[in-house]
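Enquirer: The N6-acetyllysine annotation in Swiss-Prot covers Lys53. The feature phosphoserine is assigned by Swiss-Prot to Ser109, with similarity to another entry given as support. Marked as region 'Interaction with NDEL1' by Swiss-Prot: 1-102, 388-410. Marked as region 'Interaction with NDE1' by Swiss-Prot on the basis of sequence analysis: 1-66. What Swiss-Prot lists as region 'Interaction with DCX' is 367-409. The repeat 'WD 2' annotation in Swiss-Prot covers 148-187. The repeat 'WD 3' annotation in Swiss-Prot covers 190-229. The repeat 'WD 6' feature in Swiss-Prot is assigned to 336-377.
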Amino acid sequence: MVLSQRQRDELNRAIADYLRSNGYEEAYSVFKKEAELDMNEELDKKYAGLLEKKWTSVIRLQKKVMELESKLNEAKEEFTSGGPLGQKRDPKEWIPRPPEKYALSGHRSPVTRVIFHPVFSVMVSASEDATIKVWDYETGDFERTLKGHTDSVQDISFDHSGKLLASCSADMTIKLWDFQGFECIRTMHGHDHNVSSVAIMPNGDHIVSAARDKTIKMWEVQTGYCVKTFTGHREWVRMVRPNQDGTLIASCSNDQTVRVWVVATKECKAELREHEHVVECISWAPESSYSSISEATGSETKKSGKPGPFLLSGSRDKTIKMWDVSTGMCLMTLVGHDNWVRGVLFHSGGKFILSCADDKTLRVWDYKNKRCMKTLNAHEHFVTSLDFHKTAPYVVTGSVDQTVKVWECR
């Protein structure tokens, strides 16, 4: 690229200013002589710091160009594969698209968890305002509020039929609700601190919970009795989730580990440690994703001939990790969020991962290529939770901005 005489003169003066102001006196005097510069104070002021300014603005522009290029590639991909003009996408590849279909407000404090009902077109949100709210995600209508907890509701879980809802709270209790009559039918006491997570086991007759008292407990639905306590985490247990058949449970903690427990014996089958900060969330891979995962990670099929099980974890270290539970190996780390990762799960088609974080975004990852393929600026504040409907094309998110948003996938 050829510079004009004026540009060359400006560049020379800026270089001379840089050499002089950074103490390269000898180089400055040689350069000044060779470039035939007559420096004077008036001119000097004009060129003070000019080289640094140009340099930083070039870097800034480069970054912007790269961002725009990646957005352009994303748009091209959409155009060829999923836009109204291209081929219709297979529902297995539908992903959430902005803008949101509904932004639902009603909670008076941050939303802590959002989940879909397994049968009806409703979803449920829990909040630090001590309430649970029920919404119709197809119409955006608010349906009702469940009241009973006296402090922040931290987590909620349906049984497979959707007739029972379990909730847990910073008030140290777990409540079981009849979701047909919307009545609280049982309250379970036993944890000594904030109960941060709850899940109804796949068979529907037990509930697992995790708390800041460092324990995981298992409760009988019928009686409300605590029948097992799993100990091993050294700090606050953030989340607990059973696998599909209920033989294993996974938990994650402030101690920066993910643990997998055998339900029958209470033994810790695996302790997964590679995160460098609190692990906020975990999610089991559905069997529909096993072949994609094996292909993406080259994890060889074991002697039993069955791959997996696989687990996802999201952490305050801003990363998402995928684990092979049988070997305890971390298969991949997804980097892209700019803040704590608060929710992570597999797309029901098995090819993608969805996550949400305190960087206010909802992201879709193509894990085969270890890249973030879509970023949605989802909320005005931290995104605390997300859920993906098993059969309908919807994603729901909850946030510290007190809203719940419904996103349509296509």
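In case you wondered, yes, glycine gets a Cβ from its N, Cα and C as well.
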Enquirer: For a quick check of packing: other C-beta atoms within 10 Å of the C-beta of Ser109 (phosphoserine), how many?
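Expert: Ser109 (phosphoserine) is surrounded by 14 other Cβ atoms within 10 Å.
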Enquirer: Sorry to bug you, but what's the C-alpha spacing from Lys53 (N6-acetyllysine) to Ser109 (phosphoserine), rounded to the closest Å?
Expert: 44
Enquirer: Could you tell me how many residues in the region 'Interaction with NDEL1' (388-410) are helical, how many are strand and how many are coil under DSSP?
Expert: 0 helix, 14 strand, 9 coil
Enquirer: Relative to the Cβ position of the residue listed as 'N6-acetyllysine', how many further Cβ atoms are located within 10 Å?
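Expert: Around the Cβ of the residue listed as 'N6-acetyllysine', 11 other Cβ atoms lie within 10 Å.
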Enquirer: So how many of the residues in the repeat 'WD 6' (336-377) end up helix, strand or coil by DSSP?
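Expert: Output for the repeat 'WD 6' (336-377) reads 0 helix, 25 strand, 17 coil.
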